[in-house]
Amino acid sequence: MLRARSAVSQSWKGFKTFSCVAVEVKNEPVLEFKEGSKERAELEEALRNLKGKTEEIPCVIGNEEVWTKDIRFQLSPFNHSHQVAKFCYADKDLLNKAIEASVAARREWDLKPVSDRAQIFFKAADIISGPKRAEVLAKTMIGQGKTVVQAEIDAAPELIDFFRFNAKHAIELEDQQPLDSDGSTNTMLYRGLEGFVAAVAPFNFTAIGGNLAGTPALMGNVVLWKPSDTAMSASYAVYKILRESGLPPNIIQFVPADGPVFGDTVTSSEHLAGINFTGSVPTFKRLWKQVAQNLDIYKNFPRVAGECGGKNFHFVHKSADVRSVVTGTIRSAFEYGGQKCSACSRMYVPDSLWPQIRQGLLDVYKQIKVGDPVEDFSTFFSAVIDDKSFSRIKGWLEHARSSPHLKIIAGGNCDDKKGYFVEPTIIETTDPQEKIMNEEIFGPVLTVYVYPENDYKKVLHLIDNTSPYALTGAIFPQDKSVIEEAGKALRNAAGNYYINDKSTGSIVAQQPFGGARASGTNDKPGGPHYVLRWTSPQVVKQTHVPLTEWKYPYMS
């Protein structure tokens, strides 16, 4: 997938000679896993090899595998009697040891040419694309409860694309150089940050964990990677692939840990240079506050980047294509059980179209299969991730039953006897300000507000002001004037904004992802500028003509 085109010349730029190189990569194709296909046979074999087994996963500091006494287990969401992985939490002393070892390794890694670092990630991408694809997918399916297609788009193409495109952007960044002047040359050196980066990963995307740790490392940084407890198996597989691809020891430390212990330890280190985070708003705020409280101890101001979820909307105009609305909303709201940061959870429908859309949603709803994604590939989505998530969503379903403003029109049941299963649920609200339209649920729950069709301008204002989040949103008008009007009204309501398409499904290099407001710092991983976030540029001016006169001409 990598093709480098070298330009005809090389130019001397201060301390370095820069080759003008353009790197061509393409998005990794999504495989279909049809009956009888090679990829399906390989995946089924990988799933059989993991069935009923418990993987042992240590903390890894440098080349040392370390076990502590604080033992934990990752459970399969759809069969919580299956312990997918046995792992341990790093304690404060071990985390500090990891920091010390990382900082000691930083200088040599940072001085390595970016092209050499990039080749490690190109190789890792090729390994995931080829021989390790089935293994990483199988571990994502069993450990995180994903269906075949959801595991595929996450743990294969998205992760592969992160590695390849970020490597491409890192190499091409070297060509972004300042102007020279007569008698001198100017060079921009893209250094890593001075210190270490703490990467805090979520459960819902194997690719995000790999990117949170991988991109800072690619740019010359050393990283402490705290994987999610509920994505441990797939995360460890990605870590091992990076090491197999040539990543030196101590560049990424693999350190499962209790969240508060990890946060307290990294934010109290003078060497903290950055935090790369995906998770909840309360956790991100806690980390940010700890950084603020400790500013006086740091050698540098830490870079803090975070993505925190959303309360994503679908706005339907009276000119909408009904079938597109129904299909897009079902997929956005219920794929992976609504556990995507971009999932649609609030919908605004004009009264003139609601009967059609309602019936369309219910017709599809009856066909949705929720179950074991390993035993039945026709499953549309599986269980939610763990008992905490199940309890939280169950609480929202109970709220929907008791609220006078809410009516459950489909689903509403849940069962955690074998797995953490929640039915896809559609709720109608008569109050657009009801808290279910404001707060993130992170489950298969869609709430619909039906509005008078001529009040769509008021509804656009309502969408923009109802929720503190601003991650993704979609509008469904065929009327071009409404598309333009909505774009202005919702300019700040979503970092990823879709027109006549669902609010999920961003692709690396096509729709760089992220939002503002309570949704995060909107650094747009998957885009060309993301790598710059993890550099500390140095400008070097080298003068070739001796300076012989201290007086300025006007002084003559």
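Positions of Cβ are set from backbone N, Cα and C atoms, glycine also.
Marked as transit peptide by Swiss-Prot: 1-17.
Look at ASN204 (site 'Transition state stabilizer'): DSSP puts it in coil. In sequence order, GLN144, ALA231, TYR336, GLN339, LYS340, CYS341, ILE385 are the residues of the chain that are 6 or more apart from ASN204 (site 'Transition state stabilizer') and have a CB within less than 8 Å of its CB. According to Swiss-Prot, the feature site 'Transition state stabilizer' maps to ASN204, an assignment based on similarity to another entry.
Taken from Swiss-Prot, the feature NAD(+) binding site applies to LYS226, GLY279, SER280, VAL281, PRO282, THR283, GLU440. DSSP assigns GLY279 (NAD(+) binding site) to coil in the three-state reduction, outside any helix or strand. On its own chain, GLY279 (NAD(+) binding site) has VAL200, PRO202, GLY306, CYS308 as residues at least 6 apart in sequence with a Cβ closer than 8 Å to its own Cβ.
The active site, proton acceptor feature in Swiss-Prot is assigned to GLU307; the stated evidence is sequence analysis. The Cβ of GLU307 (active site, proton acceptor) lies under 8 Å from the Cβ of PHE277, THR278, CYS341, LEU471, PHE513, GLY514, GLY515, SER519, GLY520, THR521, ASP523, PRO525, each on the same chain and at least six residues away in sequence.
Residues annotated as active site, nucleophile in Swiss-Prot, with sequence analysis given as evidence: CYS341. In the three-state DSSP reading, CYS341 (active site, nucleophile) counts as coil.
Under the heading substrate binding site, Swiss-Prot lists SER506, citing similarity to another entry as support. Neighbours of SER506 (substrate binding site), defined as other CB atoms within 10 A of its CB across all chains, total 21.
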>> Roughly how many Å lie between the Cα atoms of GLU440 (NAD(+) binding site) and SER506 (substrate binding site), rounded to a whole value?
In response: 19
>> Taking the Cβ of each of the recorded positions and counting other Cβ atoms inside 10 Å, which one has the highest number: VAL281, CYS341?
In response: CYS341
> Using Cα coordinates, what distance in whole Å links THR283 (NAD(+) binding site) and SER506 (substrate binding site)?
Replying inline: 24
>> On the three-state reduction of DSSP, what should I expect for GLU440 (NAD(+) binding site)?
In response: coil
>> Quick check for the class: what is the C-alpha distance, in angstrom and rounded, between PRO282 (NAD(+) binding site) and SER506 (substrate binding site)?
In response: 25
>> What does the structure give for the C-alpha distance between LYS226 (NAD(+) binding site) and SER506 (substrate binding site)? Integer Å is fine.
In response: 24
> Per DSSP, GLU307 (active site, proton acceptor) is which: helix, strand or coil?
Replying inline: strand
